[in-house]
Amino acid sequence: MSGQKYQLVSLLLIICLLFSQSTASGCNFKGSCRTDDQCKRICRGHGLDPSFQLCVPYSSKGGKCCCLHYEGAPLSSEVI
């Protein structure tokens with residue numbers, strides 16, 4: 001029984017480590033904003049598809065909007 005617990009814990013740890021790795025290529029800081037909706041409009045305005053984005057008002061950068069584009073996600077100008 002003890003061996004099964006270690007196997008289960010090991011499996012859960014591996015799963016958590018695999019799925020917690022970010023595939024984001026980094027922030028593209030665009031414009032200034034105070035809300036998530038403003039940030040989404042800014043990301044859209046720069047040709048980045050918000051369905052593949054994480055738009056975050058980033059206050060420590062002077063209210064800049066972080067348009068986070070994931071690797072492999074097409075830009076809105078690209079044909080899928």
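Don't overthink the numbers, they just go from 1 along the chain as shown.
A Cβ is built for glycine as well, from the same backbone N, Cα and C atoms used for every other residue.
Keep in mind that this is a model prediction, so the values were computed, not measured.
These come from Swiss-Prot:
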SIGNAL    1-24  signal peptide
DISULFID  Cys27-Cys67  disulfide bond
DISULFID  Cys33-Cys55  disulfide bond
DISULFID  Cys39-Cys65  disulfide bond
DISULFID  Cys43-Cys66  disulfide bond
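Sequence features, as recorded in Swiss-Prot, placed on the structure.
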residue	record	CB count, 10 Å
Cys27	disulfide bond	17
Cys33	disulfide bond	22
Cys39	disulfide bond	26
Cys43	disulfide bond	27
Cys65	disulfide bond	26
Cys66	disulfide bond	20
Cys67	disulfide bond	25
Roughly how many angstrom lie between the C-alpha atoms of Cys66 (disulfide bond) and Cys39 (disulfide bond)? 8
Express the distance between the Cα positions of Cys67 (disulfide bond) and Cys43 (disulfide bond) as a whole number of Å. 6
Integer Å distance between the CA atoms belonging to Cys43 (disulfide bond) and Cys33 (disulfide bond): 11
For Cys43 (disulfide bond) and Cys65 (disulfide bond), what Cα-Cα distance in Å is obtained after rounding to a whole number? 8
Specify the secondary structure state of Cys67 (disulfide bond) as given by DSSP, simplified to three classes. strand
